[in-house]
Amino acid sequence: MAARSAGSGGWEVVKRGRRPGASSGGRGGGGGSDRRALGEANGVLKYDLSSPIQTTSTLYERGFEKIMKRQNKEQVPPPAAESKKPINKKQPKKVTAVPSQNQKQGPFRRLEDALKALDVAALQKELDKSQSVFTGNPSVWLKDLASYLNYKLQTPRMEPTLSQYPHDYPYSLVSRELRGIIRGLLTKAAGSVELFFDHCLFTMLQELDKTPGESLHGYRICIQAVLQDKPKIVTSNLDKFLELLRSHQSRPAKCLTIMWALGQAGFTNLTEGLKVWLGIMLPVLGIKALSPFAIAYLDRLLLMHPNLTKGFGMIGPKDFFPLLDFAYMPNNSLSPSLQEQLCQLFPRLKVLAFGAKPESSLHTYFPSFLSRATPSCPAAMKKELLASLTQCLTVDPLSTSVWRQLYPKHLSQSSLLLEHLLKSWEHIPKKARKSLQETIQSLKVTNQELLKKGSGGSEHVLTCDTACKGLLQRARGPRPPWARLFLLLLVFAVGFLCHDLRSNSSLQASLTGRLLRSSGLLPVGQQVCARLSSYSLQSYNWLQETLPACGSHLLAVVQPSLQLAWTHIYAIFSFLSAHCASYLACFSDSLAGFFQRVQLPEALQQLFHALKELLLLFCHSVLLPTWHLLLAALAQVQEHCHEACRGDVTWDCIKTQLSRAAQWTWLCLQDVTVAFLDWALTMISQQ
């Protein structure tokens, strides 16, 4: 015990009584130092854990009471007092030995160095001693383990989430021997593991209040070791930990520490990880300081578990649609970069939400999808909503009945969906088209009823009705081109018949004739041909008798009008040929004078000058030559009429010339048709 000297007013070191424990502690520098370090680390854990856990703090303090008294009695005197007191020769050894035992080792730069320097044998010795002293209290063993590791593994304090390191850091750096010690002790104290987890978490939170405070690697290692085997310690008490998180909402460092600790339960099991994320991190999504870690944790969780089947059934509509709003709604509490990151994760979240049997679950998502698909929603969100609605309609048959019920109250959203279906009809599976066609037919009837009632939103009703008609037309498919098919068959039949007749020289020897005879159609055909020939002859005789009289009467009625019209047309063309050229020249001169009188900007003058040159060029190069050619053609026609009619151009003469022209045209067409048929038969015979 250190006492005040009466003579000099300084400090002197007084030896304790001769107890075996004290003498052995003085001799064994390594073991005594470790034990005092453990006692010192345990001595500072004076925090209130009355809620939510109950610990055996009284027994824990009683067990280490002797160690604490020994440390207090062996206090090192202040350095200023040492120089005032002459010290005995034996005392310096004792004074220098005590600081070497109690002085806290400085932090290592790297955790790897601290783990290499850790004496695992000394740790095992301390744990054996703790188990022998506190035989019936395994929670004290676990606390000793965490305190010892945290005391020995001191490095500069890191940010709470360890985002720059792998997900299993720092436990991944622990050696196999140390892992065996930790796992063995956790197995022995299996009944106290949950209390031990709470102890580590609350101790970490209390260390964050201290300045500068210790690094928390020892507690982190213990938390990771516990949750690797027992993640349900966290997931069975999510409400308690969420309340703890909300109570520290004003302290981001503590919140991130809690989120990191609870998140360790999900890296070995996707189901437990999703429970943690949905129960702890989704409620705080949107808080500026906590959102980056929440989304980064979800990204890492889904990346570590590419097989999403183990997470089916974890995300329901209650959790899915807030995520949809966070991902796609603009101006929410997430930054654009976090929104983009969440959008990239959204397809996998959809797979988790829809589950193993989407054909029986998607109809529960349809109403919320439809209510959000408004014309004013953002383009990216609209695209995602329409794709999801189409998936619901094509995968789950019950979605169509849900749509029919919601249709009258969601006309604007339904119009967008119908237009999207019309655009993507070719990509819809054929099995789903039939049910969609029935649904669209029902919606069309609803549209007609709404239009008759004249209710509000008639614009949306008209849009929906137009889209329904287009979809029904697409569903029925294009009409077959019957006219083209008939024409093709007719051409093929005529070609085959011509080829058959030409190759066999007669109908009797041809294949067509033999087929007609064998089928009994030839006699019937001959009778039909005879009747047609008789009727045709009668018709010709009737026309021969009546047509001249009708033609003469028609000519007598129409001839005066036609002659008058011909006279006027001839006069008009004569007038135009005499006066049009002079008017065109006059118009050109007046246009040039107009441009000279009007004062315009230089750019406009250049533009008008270019247009003038273009018009003059067009007039001289196109209009005038065309006009002269037309006049020459009319003159030639007039001269030809005078020559053909021998000077007197009458209607009878013109009629005769027109009939000759028609006859010549008909002969030309016959020649062309015969040549084409010859060519077609040649091509068919070559095949």
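Glycine is treated like the rest: Cβ placed from N, Cα and C.
These numbers come from a predicted model, not from an experiment.
Residue with Swiss-Prot feature N-linked glycosylation site, selected from N269, N504: N269. Here the glycosylation sites are N269, N307, and the one whose Cβ sees the fewest other Cβ atoms within 10 Å is N307. A coil conformation is recorded for N269 (N-linked glycosylation site) in the three-state DSSP classification, outside any helix or strand.
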